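First comes the structure, then the notes that go with it.
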Amino acid sequence: MKPYQRQFIEFALNKQVLKFGEFTLKSGRKSPYFFNAGLFNTGRDLALLGRFYAEALVDSGIEFDLLFGPAYKGIPIATTTAVALAEHHDKDLPYCFNRKEAKDHGEGGSLVGSALQGRVMLVDDVITAGTAIRESMEIIQAHRATLAGVLISLDRQERGRGEISAIQEVERDYGCKVISIITLKDLIAYLEEKLDMAEHLAAVRAYREEFGV
């Protein structure tokens, strides 16, 4: 685990974005941890979040021309990541996002920001069922751009309804790499360092045994 990944876990714990306990997911599964990126909700939170996303992007080595944030949660993520890339990595790249409803006046169209072209890096909070990615792919393909990759904050590394995860489905269907700031494996490595979190470690390991990929 890299220093920025450990820092991100601690940031998420401090903001109660990441919690350990017992939680029922939309799928009906009982999970020993929960991640709610919507709780990164202040100016400082967003500034820090962008730095973590930018760090993961640079670390990945994936080449891309533009950041795309799917409405709605991807919008602030794309914005703050673009700022962090410019300020901390000297990479001044364009970004854009989609509207849920196309306007028929003013700017018009369903996109805001830069023209959607070239190699697109899609940024979002998490991938649960992959629906937002599929909707975004329709937009990207309609503009004759290509998907360079997808970056999310957390990869839960668990099976969907079949034998593979929603992330693995996206990688298979679109031939792109999905990267994340942290994975379930990183969470477990972090818990292994914390003696006072032994009960959570056992629960997360058991969950991975049952649902992991």
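Placement of Cβ uses the backbone N, Cα and C atoms for every residue, glycine included.
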Recorded orotate site member, picked from Arg6, Arg99, Arg156, Arg159, that accompanies Phe34, Phe35, Thr128 in Swiss-Prot: Arg156
Local Cβ density at Lys100 (5-phospho-alpha-D-ribose 1-diphosphate binding site) - other Cβ atoms counted within 10 Å: 9
Integer Å distance between the CA atoms belonging to Phe35 (orotate binding site) and Asp125 (5-phospho-alpha-D-ribose 1-diphosphate binding site): 10
Sparsest-packed of the listed binding-site residues (Lys26, Lys73, Arg156) - C-beta count within 10 angstroms: Lys26
Three-class DSSP secondary structure - Thr131 (5-phospho-alpha-D-ribose 1-diphosphate binding site): helix
Local Cβ density at Ile127 (5-phospho-alpha-D-ribose 1-diphosphate binding site) - other Cβ atoms counted within 10 Å: 22
Least Cβ-crowded entry, counting other Cβ within 10 Å, from the binding-site residues listed as Phe35, Asp125, Thr128: Thr128
